[in-house]
Amino acid sequence: MGITTTIEAPPQATEVINVSFQSKDSCPVSRQGDGGLGTEPSEPAARLFTIEPVSSGDSHPRLVITTLLVTLNMIQAVKFLYNFITIVGGLTLSVDLGRETGVGQANWMAASYSLTQGAFVLVTGRLGSIYGHQNLVLAGCAVFSVFVLANAFCRDYISFVAIRALAGVGGGMFMPNAVAIMTTVIPPGRSRNLALGFFSAAPPIGGVIGALLAGLFIEIVGWKWLFILIAGCSVVVTAFLAWVFPREQPIDRNGKIDFVGACLGLFGLLLFNVVWNQAPSVGWDTPYEIACLILSVLSFAAFIVWEKSFAKDPIMPVQVFRAPTFTALIFVVLLTYMGFSITLWYSRYIHPILKTGIHFIPFGGGAVIAVALAAWLISRVAAQWILAIGIGTVIVSNLLLATMPIQQTYWAGIFPAVLLSSFCPDLAYVAAQLIASNSVGRRHQGVAGSLIGTLNLYGNSLGLGFAGTIEAQVSNGLEIGDIVLGYRAALYFGMALGVVALILNFAFVRMPKDQRQGWDESLESDLPENTSALASAVDRRMISSVG
C-alpha cells in the first residue's frame, strides 16, 4: 500500500500523480495525471503523491532502512572504539613506543586520528555526491580497516601516530557520507531525529567499550591484539554493510571535483592543526611554527576566495552559508567540541589505565540517556536550547575538573564531570545536524553534513593543541608537584570556550522547534531532478518535484 502525502494548494482542482519507484530490475519512474499523459491542468492544483512499491524486492522498506541504520551505527561505534583507546591509554602506549610523556609530549597520540578525519570530512561529502555516498562509505571502511591492522605492527611513536592519521582518512570518508545517506533516505521528522540521535550515541558507547578494552588488553594481553581485534570487527561489519546496501545512483554523477579548492582547504586545515598540536613540544619560539601558522591562514583565505569567485563546482557552495544561522552554528560547534575534547583528555590523567576504563562507564550510560533526551526535546523546544544544554555540560564538566582538589575522590569529582560531558556529543551533534540538514536542500545534504562533521572532529583535535600549548606555557619552570597548575589552566580554557560558544548560540543561532514530518518543498526548488537513486531501493516517501 502506498504512502500518501498532500501538499496544500488552492482547492480549485486536484491532480493525482502515481509515482512508482524502480527496483533494480524494474522500468523507470512513471507519472500519470488525471488528464492523461501530456495534459496540463488548467487551474492550480494540489498535488497528491502516491508511492507504490513495484516489486517484492521493495516490499520491506522499513526492514531495509532499519538494518542499514543499525549497521552504520555499528561501524561508527567501532571507529570511536579505536579512537578512544588512545585517549584512555595514550600515555601508556607512548611510553611503550619510546616517547616521553612530559608536558605537551603525548597529545599527538589522541589528536592525529581526529585531525585527518576532521579535515577530510570537508571534501569527502562532495566526493560522495559525485561517486555515490555508499561507495565512499565502503571505501572509507576499507581504508580504516587496513591502517588499524597496520597499527598493531608499529614499533615506534612516529610510525604509530602516522598510521593513526591515515586511519583517520578512512573515518573522514565514512562520516559525512553515512550522515548523507540517513538524511536523504529519511525525510525530516521524528524518524530522522531518532536516526541522528542513535548515530551520535554510537561514538560514546563505542568509546566506553574502547576504554574498557584498552585497560584489559594493554595491562593483560598486549595492545597489539587489541588493534587486530578492532580491524577484524571492522572488516566483518563492512562486509555485511556491502551486502545490505541497495543499488545507488549518485545524486550529482555529472558533477566535477574542485581539485584546487580541495587542496587549499585540506592544506589549510591540516597545517593549522599541526602547528597547534606541535607547539606544546617544540615551543612557539621555533621559527617554522610561526611560518607554518601564517601559511595555513593564507591557505584558508585563498580557499574562501577560490570557492566564492572561481570554483565552478565548489566543495563548499556559498548557498550553504545563506541558510538560517548556519554561519553562527559553525563557530558554536567548533568551540563546543574543542572544550569537550579538553575534558576527556585531562580526565584520563587521574587513574591507572584499567581504572580509567572502568570509570568511563558512566560516559556510555549518559550518552544513552542523552539520545532519549534529544529525541524528546527536538519537537518541544527550539534547537538552540538543545545546543545550549550540550554546551552547558562542557562548561560545568571542565569547571569541576579544574577546581577538583588533588586528593578528591572519584565519586565527588571525576564521576559528575564524566557523566555531564557524555551529554555533550549527543545533544550538540543532533541539534547541529538537524539545523544544518533542515536548512538546506537534498543536493547539499552531504556538504552540510561534511561541515558539521568537520567542525566536530576537527574541534576535538584542535582543542588538544590549544590546551597543550596552555599547559606547557603554565607548567614551564614549575616543580613536578606543581604541574597540576598546567592541567587546571587548560581546563579553565576549555570552560571559557564553552562560555563563548554559549553566548554565540543565544545571540545568533535561531531555529524553531522541529515538528515537520516530510520534506520542505520550498527548499528543493533548485533541485528538480537531483534525488538519490538510493531512495528507489528503500521506498523513499517523498520526491522533490513532479511535473
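Glycine is treated like the rest: Cβ placed from N, Cα and C.
Any TrEMBL annotation is an automated prediction that lacks curation.
In TrEMBL, the annotation transmembrane segment applies to 447-470, one of the ranges 63-86, 447-470.
Same-chain residues lying 6 or more positions outside the transmembrane segment (358-378) and placing a CB less than 8 Å from one of its CB atoms are 84, 88, 190, 193-194, 197-198, 200-201, 203-205, 207-209, 211-212, 215, 351, 385-386, 389, 410, 414-415, 418-423, 425-427, 430-431, 434, 513-514. The transmembrane segment (490-509) shares the most Cβ pairs under 8 Å with 385-404, out of the stretches 136-153, 194-218, 224-245, 257-276, 385-404. The transmembrane segment (224-245) is not in contact with the transmembrane segment (257-276), judged by fewer than 3 CB-CB distances under 8 Å for residue pairs 6 or more apart in sequence. Stretch with the most C-beta contacts under 8 angstroms to the transmembrane segment (194-218), considering only 136-153, 288-306, 410-435, 447-470: 410-435. Touching of the transmembrane segment (410-435) and the transmembrane segment (288-306) is ruled out by the presence of fewer than three CB pairs under 8 A, sequence neighbours closer than 6 excluded. When each of the listed stretches 136-153, 257-276, 288-306, 326-346, 385-404 is scored by C-beta pairs under 8 angstroms to the transmembrane segment (105-124), 257-276 comes out highest.
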